[in-house]
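Found this in Swiss-Prot, in case it helps:
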type	residues	note
ACT_SITE	S63	active site, acyl-ester intermediate
BINDING	K201, T202, G203	substrate binding site
MOD_RES	K66	N6-carboxylysine
SIGNAL	1-19	signal peptide
Amino acid sequence: MLKSTLLAFGLFIALSARAENQAIAKLFLRAGVDGTIVIESLTTGQRLVHNDPRAQQRYPAASTFKVLNTLIALEEGAISGENQIFHWNGTQYSIANWNQDQTLDSAFKVSCVWCYQQIALRVGALKYPAYIQQTNYGHLLEPFNGTEFWLDGSLTISAEEQVAFLRQVVERKLPFKASSYDSLKKVMFADENAQYRLYAKTGWATRMTPSVGWYVGYVEAKDDVWLFALNLATRDANDLPLRTQIAKDALKAIGAFPTK
């Protein structure tokens, strides 16, 4: 009796996982985009991967590198914390939110490239290869441009590697100070309600065709932490909202993103 019960339970779990995959596949299908998402429970290790071949493929990290870059900058003393001020020099950028002074918190949230280029100059290009290797953050092709490498395709990472990296961030297993983790968590904060807190970063790799949109992060729910990394092929800027929309809908589909 016990054996048959366990078999039935195992079959139920398998069928549920398969249904969840189908539900998530429909999100990408309805949007008409090629993409992948990796979701993992920090507590149980339960994993869901849509489009496994793409999940293994590396793409330019783009602004998702700001997660690691923030930790590096804090550790190196290149910035002091989330209230660090970056003074705008008057250069007019195509993104209006960049055309003003920034704090680290605002720079992270609006993906201010010139702010993080200042950070890269303060850290120094020679420091980055060791940090990237030590944290297993994708692959850095050398030689590289010290203020462009996360944008120009020199630094690439897969969705699977993003989740593995985020796991180490959440568990604080990387060689960074507690204060660095604390500041990163503050700037990564994206949303909350009574059931969850969302920490995340977008990215858009535009120097390739098709361009690639990213959304990576984690959800702190009442009984678990769910890591996720999504990327998708974007046709133009009109596709960018799909990054967060599909990721949130996928997390909701498996119960990782409670809304009530």
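A Cβ is built for glycine as well, from the same backbone N, Cα and C atoms used for every other residue.
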What same-chain residues, at least 6 away in sequence, bring their CB to under 8 Å of the CB of the residue listed as 'active site, acyl-ester intermediate'?
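Same-chain residues close to the residue listed as 'active site, acyl-ester intermediate' (Cβ under 8 Å, separated by 6 or more) are S111, V113, W150, K201, T202, G203, W204, W214.
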Most Cβ neighbours within 10 Å: which of the recorded positions K66, K201 is it?
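Most Cβ neighbours within 10 Å: K66.
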